[in-house]
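Here the structure comes first, spelled out in structure tokens, and everything after it is commentary.
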Amino acid sequence: MAALAYNLGKREINHYFSVRSAKLLALVAVLLLAACHLASRRYRGNDSCEYLLSSGRFLGEKVWQPHSCMMHKYKISEAKNCLVDKHIAFIGDSRIRQLFYSFVKIINPQFKEEGNKHENIPFEDKIASVKVDFLWHPEVNGSMKQCIKVWTEDSVAKPHVIVAGAATWSIKIHNGSNEALSQYKTNITSIAPLLEKLAKTSDVYWVLQDPVYEDLLSENRKMITNEKIDAYNEAAVSILNSSTRNSKSNVKMFSVSKLIAQETIMESLDGLHLPESSRETSAMILMNVYCNKILKPVDGSCCQPRPPLTLMQKLAACFFTLSIVGYLIFYIIHRNAHRKNKPCTDLESGEEKKNIINTPVSPLEILLQSFCKLGLIMAYFYMCDRANLFMKENKFYTHSTFFIPIIYILVLGVFYNENTKEFLPVYMHVRVLVAAYLFQTGYGHFSYFWIKGDFGIHRVCQVLFRLNFLVVVLCIVMDQPYQFYYFVPLVTVWFMVIYVTLALWPQIIQKKANGNCFWHFGLLLKLAFLLLCICFLAYSQGAFEKIFSLWPLSKCFELKGNVYEWWFRWRLDRYIVFHGMLFAFIYLALQKRQVLSEGKGEPLFSNKISNFLLFISVVSFLTYSIWASSCKNKAECNELHPSVSVVQILAFILIRNIPGCARSVYSTFFAWFGKISLELFICQYHIWLAADTRGILVLIPGNPMLNIIVSTFIFVCVAHEISQITNDLTQIIIPKDNSSLLKRLACIAAFFCGLLILSSIQDKSRH
């Protein structure tokens, strides 16, 4: 009765809420969110630098997250590269001196905080030609004004960056009097025009005063209260922002340090100066403000303008626009024709006469419709990860945010399960393995069909098109190299290796093997030769790089100017082909000799053998899991992984298939996602994560849980739609007729030649 009620309830839900309605809901959500973000950008401004300098929050104890953008953590080499031939000046009190030290330590971590604190402190890296100075001017007075005035003269070299700020000394020396505040306003009013003049040629930042922890202040600092600090800050902001009447001030307010201090001032040693971690965060923000627009790091979206459209992106935009216009014209014409052929009403019976012939959907209509939908989807990709319309945030890991969703998904997967109507062979269950081992399972599956004799050139072309279509489109639209989506190049190359290995003479299929066991030996020789070639390339990095550095292979497999990343990825799972093909061979051999009991509910082997193998599999699976989770040296584990990963894979296959009850049950929830696993893996680069996987896409700011729910829902709907589009285009572009197929392949080859030429032209224009 419970099962019947469950099935009836599921049917009722499916009646009102289908995949189609989910996609419509996702489309409405995207349009609403895009409109909201566009309105927010217009209302609050589109300058992410202002957000970086004025707002943000802590994700953890030391991880600062600016509002709406990502902050890059600069390394020593990156900082020197950005600041080469640059002069940075810090001018102010002891708090500015702290900021100076933290900034210099990004360039040179060995720089020590020593010397007379109430004097100027110079720093210079002669190799990188970087000069950073601290100028001791604890009060906003005539001394500070004279220092700034010298820089405004045309004959004097000006610093490229000026960071200034002071107030606590004025409060302390004058015992927090109102007269001191009035004098501060007068002095900063006289300095404001000079700072504004400097800001036309240099980057000028005025650092607002951080709050203090009054309980820790010494007796001679008790007059420095947060109330006084707020009054001085209000005066500085009001005067500096009004220094230009008709336009916005060029002097930028560095107010984000106030927010950082509010969270960390309790950790201060004296109640006045910030802890080192807080100063490091402020210094890194300064580095991002200046260097992001120069170096343009992928995970540093703050202060970066939208990248200009490349030639290939412009051509792609034109193509998709024409496809959308073409489909609309086709739809209007088709609709008008449908109206003319609308069945008339029979006056006697009052019923509509049915058309005898239904107009079939033409391949041209499917083609235009597919490219129309794909164009709209690619526009969403571009908006998410290139146009800066939606927000991005840095990744931050916690155990709860990782394991709670995983457990929830596992529960759903177990809940939505069904018994198979017919027994599925063992090789079908191999496909449910984790993504890291998807290569191996897929290749065992492919080898099985090849040996069975069910894999021709038409199906091979379909598989290759299905694998690469989305990635090729994304390479054009998102301006990324093919190797960036490393999973697809790996799968494609290994797939071709399998095909070539099995296609070479002598071609061995099951009909031949059943007639003579000699063919079994021939297949094993092929596998041994393949293993030998893999080992040779794995331990001959020079030979590997020479092969894949040849044009045009280099255009496909180079990343950042070399093929090292491709060699690393290829080498990490280098034995997957051999294991997959060997598994398919062993399975067919056991099946032929009727060793396997594949009846529904029966153990795979005899009871004794099944129990023994099940015990060994569980022990092996747990042992490997413990070893992998306790790995401390990544390099050593990567070296062992190709050889030992097969243990866990084989253990999983046996655990999944030996018990008959487990073998005949599958999760419909996971099966549904498995059908779009390729699209999910690729799409997450840009519309689930962000900044080419280095950050997180933020559609709904301020609510991380709701954001992940909405973004995941849209992400899954988009992946499912792309899967359907790819399937439709595969049927049209890859015909079954061999002569037509050869013509299409020639057209595809010409298309890729054009892409290579355009890519070369584009690369030359960049350099």
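Every residue, even glycine, has its Cβ placed from backbone N, Cα and C.
All annotation found in TrEMBL is predicted automatically rather than curated by experts.
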Range annotated as transmembrane segment in TrEMBL, from 18-38, 396-416: 396-416
Outside the transmembrane segment (670-690), six or more residues from its ends: residues with CB under 8 Å to it: 70, 380-381, 384-385, 390, 392-393, 413, 431-432, 435, 438, 466-467, 470-471, 474, 478, 485, 487-488, 696-698, 711-712, 714-716, 718-720, 722-723, 726
Counts of helix, strand and coil residues, the domain 'NXPE C-terminal' (64-119), according to DSSP: 21 helix, 10 strand, 25 coil
Per-residue pLDDT averaged over the domain 'NXPE C-terminal' (64-119), given as an integer: 92
Long-range environment of the transmembrane segment (611-628) - Cβ separation under 8 angstroms, sequence gap at least 6: 605, 637, 644-645, 647-648, 650-652, 654-655, 658-659
Seg_contact(the transmembrane segment (741-761), the transmembrane segment (311-333)) with at least 3 CB pairs under 8 angstroms, min sep 6: yes
Close approaches to the transmembrane segment (396-416) from elsewhere in its chain (Cβ under 8 angstroms; 6 or more beyond its ends): 59-60, 63, 65, 667-670, 704, 708
